């Protein structure tokens, strides 16, 4: 070896590698890590991506540039080789083509791709083996590029690549509950990533990475501010801030939306009313819409929470939700904007909280303008660990509806509990509404999917590494509602942690088990709404003194000496009738109601006999115990990955799992202490009584719990 | 070249280097960047640090391990070579020695080093050229190690190294105004870095880097929570959280302190009173102190804001500040803890706000216990761009005093204005109190220095890259109060940005000019307290309707048709008499008052003739114009560094300077529009009238300005 070579090798080994290898796994890179592959795999991948081929002049498209940017970054990161951008395909090239730029002789099913879909295919072109990323528009090329990178990162066989994908839902949106003071309602990952104060002058580099991450999943819209909205977000200074974000997001196919405060004409316009039928109000909104579109030409539209939890709305003026939504829809329509009108409302009648949204909205079916989407939470209560699907799905056939899920874990342990939400999303998407007939799943009833974001200023974005899997799962399932949560978990693990097969198997299994674990240790057998008041941290089934009856946990579980559960059968509130007749009949009888939803629909005696042969009381204790045991099993599984997963993230997850184990036991002990006191029943044989007395659990206070901003 | 070597070189060049070189300059690494030096400089440095030599067994000290950790990290980063840790000195070794471990024949001035000082010296030891880092204790070795790294990073001639340094002030503390909900009062860098909710389970990796940065400056204590304190910070759960931080900080010589709410015995203890002379109150605090020291054996003590801005205090019970402070001091004394009792108070008498702290505290001199330190802000008002030093300095010869400065820029443009505070700190430290005689500077009167931290969750720690220079300058000047702000700026630039000489000259000059610029465009000629109410953002000299007279800007500037300024001479409030007689005499007459403080001490007619020959009105306009011009010059200087400074930080600073330029003009225009309206004088020839009408400036509102948390 010559001197210079020795010197070079020495310097590289001494200087370059330690720096390269010291790249800390702090979670910031999410599933777009692009870490170097082992030499053989890197060489194999590089052979599939020697160059990136685009049509002459095509690179001037900002969206295509964004696609090329991540392809280059990804290929360089994974293989160490920066692929050249060329216009002539050589063997091993990656071609990004649209119908207008496709080489002669390349026949592809363009029609099926729609406006956003893509096709990844290995083809032989003029005697050369190349890969095409094909789409009808640059947005599709962007999504296809990220799909190719996903295939590359998960170890797919790129030499046999043939992947077609097009989204069924045209709208796949994040909803940020971010306030203008940077607090985040139900946020557990630091404060808002929108630095409103410094915008529009300062554009944090993080905004680009946020857009990249969303584009990699196919998320195509983001509502910037809290549904409990401040009117100020519609003033010129704040529109300029939103416009700056829109400019950053545009190359990534991500449109900006805003939550609109219904009373803004009063607060900002100085009008005496916000009555949607008042001509001055309509004129104010029209002018405001025009102003917004001057600032943000591709503005997506408004999200509105009206007449809900104290928010103003059309009912303040004796008008209906349809009147309010249609008024806004009318001013947005000329610009191509939409209104997402939330169906999460409280009715004055508190007899059955679960029935209120349906009762309010279903009769309005057919009255909404074409560019209104009624946004419905996955279940009729509020993002509980398990709820049946919301009865509005399928019940408004003449209305466009959106499915709203919560990615942030308001009721599922904040960011310290490991709960993979893929199975929850999958469960609701695949739920069969039976409307008009069996097989009509929720996924087939909706035109949009919205996820309440769990993103904040924490370095790892979501407050914990595993909570990023929920952002990921939301985006992937919104893109393709038929995807299996298990597959999504697996590909997330491969990209985020490691491709080591044993580790991938272990982590995937752990994730898939985690949702049932949280149901078991918080609210098994159809129980719901047992959490602490206000902050929603921890158990408080004993709370019974809140202003509205249907804010109290006791209202929901109705536990007493006679039994437990909310009777929604025809013998009770009767709200089961809001479901399709076949389902209503099935869920009206305990015997034909799935045990997972038993106490949602029925009030049953403690000695009710379960399928297991146990009494209901014994079964309840068994579920709580199983939840605690499952978390302990998750800890053990994770502990076994020490040395396989990088040290920092392994230690961080280990610490979180310790919190989760402690709090799972707390949930179990506090709930069972209460239910035991109410039922007066003895502890089932072989079960442990709670560690502390009921009063000790009741005395706990959490004044500074996060997520109460706003 | 053999095949394997070619492969290796190729792989290294292809995979390792791009990763290494992509290390983004996002500011996180502060002045501890340790980026690779050019090969020649790296080799020269490596020759001075071939190995790290410690006494056998010494590495078991956590403090020494921390020192070795950064030495290894730094030397490896700068040179690419990881130095071995050895016990026998070879040539080129770096020896860390104390009197107990120093090799025979090494004679050093141990006595002068004290408990924290260090000596860096190149010596010949048994025929070998080595460098010693010497100290009496491991803490000194820690500070010496960081001093050696500073020398290495700033390009000092290590072959001639002979540096001795020992702090005069035993206490050098950060004061965090961080709330338990993670908001930060007067914080402009995101939210609190203390993730109280997840502590003590989760110990963010950032806590270690925070401690490293402080240790590198010699900061040896940190008050974790806001002086407007919640009693909850003294409860067991929060003490456990503080204890977790103390454990992380301990190896870095950083002690934890807490702000204590004076009424905690009532709020937490259920007592009817917090009277410091009540035996039950004393017993409660004694038990609380014992509890704290069980959790944190090296707990530093309490910081107390009492009877100030609504905080509870001993005066609520007819007791004095000394009574309150001494009661707490008594319970901390057995544990070696101290009380820092703030002198920032409002008196009921609002005749001269500037006189209130002195009037309240000076008569108490001699009444405070030995472990009480009275903490005095740098000036008598409140962290204005320029104030005279606080008259309490030197006026309480029998009382230990601390100098409190604000690192966060509450009144100096938040984190978007580039204002290097080194000259401000230097100005007050070097101010001559004349007590008891000329030459008795503020630096010689104090025993501690406290800086209100500007640290938050922003990736760059302080909200802007240049604000980190203020954290740095605070720490360096607290360690060595005789350091020149210019030298501190220069070494910060060399470590933070580049060692390119032209760039260092330019940036240093720009920094040194920046403080006078902000004085000019905000409050020239001794003006003060002209800012917006509450949030303190921007100019509002017109505000005159606040509840207390001495909250109003009009109270402070007293501008009217007759002139402008606050007469504190014997003809006015007379509070100039709080200074030493020589100073009081000098500052009682306009002719012998420095023009920089003229309107602080005097109310003068608009046609008062200035040294320049201009009238006061003309001079005022000239100063505002100069401030604006200086910011424009700063922008130009910075623009010239494109390509010299890395792209990301260059762009970020450029964006901030644009904000500063806009806001400097706003300050100038709004203040002059108001003063012109009040004085009725014409615009001096050649000056521009304000861009907008006075009413437009008065109408601006900033509802969501940061820093109002709490």
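Including glycine, each Cβ sits where the backbone N, Cα and C put it.
The active site, proton donor annotation in TrEMBL covers B:309. Marked as active site, proton acceptor by TrEMBL: B:382, B:410. The domain 'Alpha glucuronidase N-terminal' feature in TrEMBL is assigned to B:30-148. According to TrEMBL, the domain 'Glycosyl hydrolase family 67 catalytic' annotation covers B:153-461. As annotated by TrEMBL, domain 'Glycosyl hydrolase family 67 C-terminal' applies to B:462-686.
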Residue B:309 (active site, proton donor) to residue B:382 (active site, proton acceptor) - Cα separation in whole Å: 13
Between residue B:410 (active site, proton acceptor) and residue B:382 (active site, proton acceptor), the C-alpha gap once rounded to whole angstrom: 10
Nonlocal residues around residue B:382 (active site, proton acceptor), in sequence order (Cβ under 8 Å, 6 or more apart): B:344, B:411, B:529
Entry from the active-site residues list B:309, B:410 having the most other CB atoms no farther than 10 A: B:410
Helix-strand-coil residue split for the domain 'Alpha glucuronidase N-terminal' (B:30-148), DSSP-based: 45 helix, 26 strand, 48 coil
Helix, strand or coil at residue B:410 (active site, proton acceptor) [DSSP, three-state]: coil
